[in-house]
Amino acid sequence: MSQISSLPHAPVLGAAFMVGAGITFAITNILTPIITYQMGVPSTAVVFWQYVIATLFALPLIQRIGISKLRTRHPYWHETRALLSALGVQFFAFGFALGVPVWQMVALSMTGPFFILIGATLFLGERLTVQRLGATITGFVGAVMVSQIGTEQFTLASLLPVLAALCWGSVSVITRYLSRDEEPESLTLYMLVLITPNHFLIGLLVGIAVAVLPTGALPAGLATGFDFQLPLGDPLMLIVLLGLVTAGAQYFLSFAYKVADATYLQPFDDLKLPLNTLLGWVVLSQVPAIWFWPGALLILGASSFILWSERRATPGRLQMA
């Protein structure tokens, strides 16, 4: 254990770092719709340059971990994990580009633990209890309420944060598999090194699709493709800020899990929902729908129960996605 994690005030520091991560992630969720939805920059371009810049700012963290941690027996699983993580970010940013409000995006992205539970049961052979099944059903009921399925307000774009949660949940399942014989530092390093090239790959595939598919075959937000040119003017400044804040969030998370236990930190991570909702309300004038509140409570309660039961069953294990 490191010196800082053995200090009496380490839990307080961990909580402060986790709140800092929540605030910085909330800022990214405000900047992304401004750049994509309001300024019209394609989400694929925004995400690519966001992670190029974030990786540059994260170079000290990569150096601290050390390139020697790249030794692995599972290179293909590491690449699959990075690709799924990048796809999740792309789905999430595309949702913002199509105008899905922040409160809906963040609440629906919190369905991730349910996909983790399903994936761990199907692919890792872990036991599914009645309580966990009930929590999963409860969480999806909350997701239906937040997405407003069956109402005039529902659009297919509302499913994008759920697709992002599916990708990120799959990342966590792969992480759980790899953590059986891989060090946490290796998992972190591979993600830092591989995620930006995978964003490049996704942008390249979108560009190819635009070139070969007939006009109108792709959704409106992807129809312009991605030419890998860095935007100029105000969008450029905001993208640089977005990359800096993204790197800052990763540092906050790294420090938080270094000094405090994941179970202790979970309630502070759950603050992301009210933080994002408040910022979206104040900055973007996005007022949550009436069904958001009960639906969000169901998602929050059910996901918290699943995470609590998972960590009680496997104490001390840190899963890094």
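Glycine is no exception: its Cβ is also placed from the backbone N, Cα and C atoms.
Marked as domain 'EamA' by TrEMBL: 13-147 (among others). Per DSSP, the secondary structure of the domain 'EamA' (13-147) breaks down as 113 helix, 0 strand, 22 coil.
Feature annotation from TrEMBL assigns domain 'EamA' to 158-307 (among others).
For 12-35 (among others), the entry in TrEMBL reads transmembrane segment.
Counting same-chain residues at least six beyond the ends of the transmembrane segment (41-62), those with a Cβ under 8 angstroms from any Cβ of the stretch are 28, 32, 35, 86, 89-90, 93-94, 96-97, 189, 192-193, 195-196, 199-200, 202-203, 206, 221-222, 224-231, 235, 239-240, 242-244, 246-248, 250-251, 254. Taken from TrEMBL, the feature transmembrane segment covers 41-62 (among others).
As annotated by TrEMBL, transmembrane segment applies to 82-100 (among others).
For 106-125 (among others), the entry in TrEMBL reads transmembrane segment.
The transmembrane segment annotation in TrEMBL covers 132-150 (among others).
Through the fold, the transmembrane segment (156-178) approaches residues 74, 77-78, 80-81, 84-85, 87-89, 91-92, 94-95, 98-100, 104-106, 108-116, 118-120, 123-124, 143, 147-149, 187, 319-321 of its own chain, all at least 6 residues removed from its boundaries and within a Cβ separation under 8 Å. Annotation comment: TrEMBL describes 156-178 (among others) as transmembrane segment.
Residues or ranges marked as transmembrane segment in TrEMBL: 190-216 (among others). Within the chain, the transmembrane segment (190-216) has long-range Cβ neighbours (under 8 A, six or more residues past its boundaries) at 44-45, 47-48, 51-52, 55, 58, 61-62, 70, 72, 78-79, 81-83, 85-87, 89-90, 222-228, 250, 320-321.
Per TrEMBL, transmembrane segment is recorded for 236-257 (among others). If you look at the transmembrane segment (236-257), the same-chain residues 6 or more away from its ends with a CB under 8 A from one of its CBs are 13-15, 17-18, 20-21, 24-25, 27-28, 31-32, 34-35, 39, 41, 46, 49-58, 61, 188, 192, 230, 265, 318, 320.
Feature annotation from TrEMBL assigns transmembrane segment to 278-308 (among others).
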Near the transmembrane segment (132-150), which same-chain residues lie under 8 Å Cβ to Cβ, leaving out any that are not at least 6 residues past its ends?
104, 107-108, 111, 113-114, 117-118, 158-159, 162, 289, 291-292, 294-303, 305-306, 309
